[in-house]
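Swiss-Prot annotations:
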- K5: N6,N6-dimethyllysine (MOD_RES)
- K5: N6-methyllysine (MOD_RES)
- K10: N6-acetyllysine (MOD_RES)
- K10: N6,N6,N6-trimethyllysine (MOD_RES)
- S11: phosphoserine (MOD_RES)
- K15: N6-acetyllysine (MOD_RES)
- K19: N6-acetyllysine (MOD_RES)
- K28: N6,N6-dimethyllysine (MOD_RES)
- K37: N6,N6,N6-trimethyllysine (MOD_RES)
- K57: N6-acetyllysine (MOD_RES)
- K57: N6-methyllysine (MOD_RES)
- K80: N6-methyllysine (MOD_RES)
- 1-43: region 'Disordered' (REGION)
Amino acid sequence: MARTKQTARKSTGAKAPRKQLASKAARKSAPATGGIKKPHRFRPGTVALREIRKYQKSTDLLIRKLPFQRLVRDIAHEFKAELRFQSSAVLALQEAAEAYLVGLFEDTNLCAIHARRVTIMTKDMQLARRIRGERF
């Protein structure tokens, strides 16, 4: 049987309620909600830092395989109608695409930091691509 948390209940004793001090009355102005507890929330940025550490540790692919495969086939269909792909070829394309995106986001983050910001913007990505010598 699972343990349950016991909450304190008001007694129905014979003593009459005493007058509360002003400071105590101000503290207890919000009515008790019958033991309903607010869900725990981390401070802003804590979860983001945890996710950064998690994804920097991992080596697995971050983009789902089937949507990426559909995208590759859709782009290839514009050039030639009857193209077939080995699964290893799609996997190699996905590895290369994710490596490119990670590098681009690293450079974009450096551009945002250079502008004394922590939030990346479109102009940071455009600057990173321009410095790399890519056309956009």
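Cβ atoms are placed via backbone N, Cα and C, with glycine included.
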For K37 (N6,N6,N6-trimethyllysine), the one of K5, K57, K80 that lies nearest, given that the modified residues are compared by Cα: K5
Cα distance (Å, whole number) from K57 (N6-acetyllysine) to K80 (N6-methyllysine): 39
C-beta crowding around K5 (N6,N6-dimethyllysine), within 10 angstroms: 6
Cβ neighbour count within 10 Å of K37 (N6,N6,N6-trimethyllysine): 8
DSSP three-state assignment (helix, strand or coil) for K57 (N6-acetyllysine): helix
Other CB atoms, at most 10 A from the CB of K57 (N6-acetyllysine): 7
Rounded inter-Cα distance in Å - K57 (N6-acetyllysine), K5 (N6,N6-dimethyllysine): 37
